[in-house]
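Annotated in Swiss-Prot:
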type: ACT_SITE; residues: D20; note: active site, proton acceptor
type: ACT_SITE; residues: H48; note: active site, proton donor
type: BINDING; residues: 19-25, 47-49, R340, 366-368, 437-439; note: GTP binding site
type: BINDING; residues: D20, E21, G22, K23, N45, A46, G47, H48, T131, R145, Q223, T238, R338; note: IMP binding site
type: BINDING; residues: D20, G47; note: Mg(2+) binding site
type: BINDING; residues: T334, G335, T336, G337, R338, P339, R340; note: substrate binding site
Amino acid sequence: MDTATKTGYADVLVGLQYGDEGKARVVDHLAAGYDVIARFNGGANAGHTIATSEGILRLRQVPSGVLHPRVSLYIGSGCVIGLRQLASEIEMLAGQGIDLAGRLTISDRCPVVQPAHFLSDRRDGGRIGTTGNGIGPCYADLAARMRGGERSAFQLCDLMRDESRVFEQMMRLAAQRDDEDIAVLIQEMRQAWQVVRPFVTDNPVALLERVEGGARVLFEGAQSVMLDVVQGAQPWVTSSHTLPSYAYVGGDLPCRYHRKTIGVAKAMVSRVGSGPLPTELGAERSEAYCADAGREGRGRADEAARFDPRALLAQGDAFSTGIAIRMLSNEYGTGTGRPRRVGLLDVAQLQLAIRQFGVDEVYLNKCDSLAVFAQTRDRCIPVVVGSRDGNAMHVMRFPAFDESVIPRDDATPLPPQLETLLEWLADVLGRPLRGIGLGPQRAQMRLFKTQP
């Protein structure tokens, strides 16, 4: 990494909708301009995907700058650590020739997900659509501090001091909640800890020292602002703070170094699990269908076997259109494989998020998915711009474009229909569009120096 002589800075990147906006691919494109990519919230419930020419790289806890060998990676104290998942991820990356030694640093203040947390989440989390990775119970025990006269939460620093005592206490806590044999889980965690331990630091100003030396940091948010534990719609939220301002608490850096906030959205809204999705295609019917599919373990393969997306589009009803869009744009959860509920782009929601959370610029992924509407009866792209009376949605319609005119390289101009839509969107959002996604591959991201 280049050695800078002046004080560095930090930017924060967050999702502006309900998750799965393609934040990782934007981080991957921006990473070369930073010295450190840092995570500040969440844990193994985050599914970040980077599509490369060699295949798909799926990450849950390691920051998305892994493909840039000169970039350091940091997991801040606001994240919870699933030892088994993180160790598996580190080993998976090593198997692909990506060595994290000397690159990855983890705060020793990160809480550890315990067997009791997995068991609790899998028993109680299904109704609100959690991933079952124990994230919520881990954060809850961190806040509770004590249960039954004993500590209820442990951080990596506790393992550093006395791992045997901590694992023994974790076993006792789990045994109080479930009859399942916990010994196997504890043994797997002991083994995973040996993989994770070399990356843990007890230096609370590790990231600050880098920035004081000139390092440029990009904080990578997990989940999205609409799922924030406070600002989101309870109880259908994640269990951590997802907002840009929290990056400096969970990322272990004073906020004085903040430079700008980057928001990522996508041209079709989607959501995994239960909770409000005002523009959902198929409304309650779609929500119930996706909930049943999640409980029964049905996803991409099941829908591919049952449905022809083009036939669904020809039917013309919102529910069928939603299934078709999900199939054609691969809207299935990265971390879970569950079908995502699909809705129209909600411009009013984006406007509020941008204003409320201080977003300076926007990236819009999945613009290629809008070509689906060329196969609908009216051949128009519907965009929700608000409600007239609190109930009926006000929808604007833009001419659709065919999939065949989507550019495959930067030299090919955008379809005029898409260009018109993007210019309008940048104007109503009041923020510059810095880039758009035109397909899943790394090369299918187009960056703008000026407005499209």
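Using N, Cα and C of the backbone, Cβ positions are placed for all residues, glycine too.
Distance from the CA of G337 (substrate binding site) to the CA of T49 (GTP binding site) is 12 Å.
Each residue contributes its Cα atom, and for G19 (GTP binding site) and P339 (substrate binding site) these two points are 13 Å apart. Counting other Cβ atoms within 10 Å of each Cβ, the binding-site residues N45, T49, T131, Q223 show the lowest value at T49.
Among the residues D20, E21, G22, K23, N45, A46, G47, H48, T131, R145, Q223, T238, R338 said to bind IMP, no two Cα atoms are farther apart than 35 Å. Using a 10 Å Cα-Cα cut-off from H48 (active site, proton donor), the binding-site residues that qualify among R25, T131, G337, R340 are R25. In this structure the alpha carbons, written CA, of N45 (IMP binding site) and P339 (substrate binding site) are 16 Å apart.
Annotation for C367 (GTP binding site): spatial neighbours A267, L418, L422, I436, G437, L438, criterion Cβ-Cβ under 8 Å with sequence separation of six or more. A separation of roughly 12 Å, to the nearest angstrom, links the Cα atoms of R338 (IMP binding site) and the residue listed as 'active site, proton acceptor'. When the CA atoms are compared, the binding-site residues lying within 10 A of D20 (active site, proton acceptor) are R340, out of the candidates T131, G337, P339, R340.
Close to G337 (substrate binding site) in the fold, though at least 6 residues off in sequence, lie G299, R300, each with a CB less than 8 Å from its CB. Following the DSSP three-state reduction, the secondary structure of the residue listed as 'active site, proton donor' is strand.
Annotation note: T131 (IMP binding site) sits in a coil segment as assigned by DSSP.
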